[in-house]
Amino acid sequence: MAETQSIARTFPVKPKLKPTSANSSTPTSESKYWKSFKTPKEIQTPQTLVSSINSIVFSPTSPHDFAAAHSATVSIYSGKTLEPKTTISSAFRDTVTSASFRSDGRLIAAGDLSGAVQVLDLKTRVPLRRLRGHTRPVRVVRYPRVDKLHLFSGGDDAIVKYWDITTESKIYDLLGHKDYVRCGDASPVSDDMFVSGSYDHTVKVWDVRVMNSGSVMEFDHGEPVEDVIYLPSGGLVATAGGNSVKIWDILGGGKLLCTMESHNKTVTSICVGKIGKESGEEAQQYRILSVALDGYMKVFDYAKFKITHSMRFPNPLMSVGFSPDCSTRVIGASNGTLYIGRRKVKESESMELVDVGGFGQVEKPQRRVLRPSYYRYFLRGQSEKPSEWDYLIKKLKKIKVTEHDKLLKKFMHKEALLAALNGKNPANVVAVMEELVARKKLMRCVSNLETEELGLLLKFLQRYSTMPRFSRFLMGLTKKVVEMRAEDIKSSNELRGDIRNLKRDVEEEIRLQQTLLQIQGIVTPLLKIAGRR
């Protein structure tokens, strides 16, 4: 009685040899987060300005417009559309080096190489105040945290000045630096404190309430300081100079906490970025974003003291900015290119604000009306994530079976080997060979190959037998194939040519290995001597 028997479930063959490349690791969730900052479709190419972009700053108020300082111009970009909004150029006589928004986002202050500091109205683009006092180019201008009446500036005259904007007068000359003052930042917790960095390798902390004693703290970065920022807690300061970024503990007396040296060239700018939203599990996860002349942007987790993400750009980078709402990242290059990245914000993160009279602004609730007449009514709940105690049942995925797997299932061994060789995927070929070894059929298949089929196998062995991933298995197989089919190889000119190519590649690999061993013999004693020191 003919009776159909149920065939056991089959699985596709896979190579037992796994690559050891570092790139095979799966990307982390944080790496996916930073890669999600992409140029929107509306902006097909990066924005290109006239010259090197010296400074990028974001407005502290929504929708968080940002300003880019380049040549004798400050360009304002919309935080919503990322398109140019306005340009301010008539007020400046020379290249603009630094810009800063006031806490309400209505005014912007900027300094240029002529030594002047301009305070301008963003709507009318009219200069409201012109602060004169620096004898050399101004390199840094910053507003305090919420103070609207004062700002500080520093320049190549090695002086930090504290200004009263209403009277256009200088309040203090803060002396102490011995070289160009190139950077500075205001404290996020006090309007009276700020920090400045100079090419004399020092970073000084100033407090305008105690000016008789000069700076209240000083620490040495070890190289010319290109940028300095306060971290959100107000007790830590990050400095950039040379190819390193350092973290300092101000509350601990200026103690050095960490040094990051992952860049190959000078770090030109740093800023603080935050992952996630204002509340929830992702809140308060701050990172330091650094850019350098080597074209790399690095993301540094200063809580764990490690690099969490790296991105390469085609040009040297001069400035970087990150929006307060965690949606936009802007990088300025030395050739005037703006690399703007926008992250898609979920509906829950971008809820509309409604003004309730007398009670401030509240979020407008987003209602989703579901009716049985709608198709999505029957799909509701499919995107819900399981809770901790739910029992999850997953649907089995259908296995896609390739041609050589089908032939192996039918015990057509020679045909399966030829199908894998014609597929030109070395991993699949080795997997089929390993399966044939397990079935003790590989050498029988080799002995039954025709001349053209044997040439196909020899070409495969000549190409992949010296590859480290497959060499241990294929070298032994190559020796057995040559011994078994020696007579056929001698009688065919084409097969003899394949053997000559195989011999040449093996000799080249042996020569390379000998050279590497010689280099290892030279380097190993030097490393041991260096380790003793």
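Even glycines carry a Cβ here, placed using N, Cα and C.
Features reported for this protein in TrEMBL:
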REGION    1-33  region 'Disordered'
COMPBIAS  20-31  compositional bias 'Polar residues'
REPEAT    131-173  repeat 'WD'
REPEAT    174-209  repeat 'WD'
DOMAIN    384-525  domain 'U3 small nucleolar RNA-associated protein 15 C-terminal'
Self-check item: Close approaches to the repeat 'WD' (174-209) from elsewhere in its chain (Cβ under 8 angstroms; 6 or more beyond its ends)
Solution: 139-140, 142-147, 150, 152, 154-156, 158-162, 215-230, 232-234, 237, 239, 241, 248, 250
Quiz prompt | Stretch-averaged pLDDT - the domain 'U3 small nucleolar RNA-associated protein 15 C-terminal' (384-525) | solution = 88
Quiz item: Going by DSSP, how much of the repeat 'WD' (131-173) is helix, how much is strand and how much is coil, in residues?
Solution: 0 helix, 23 strand, 20 coil
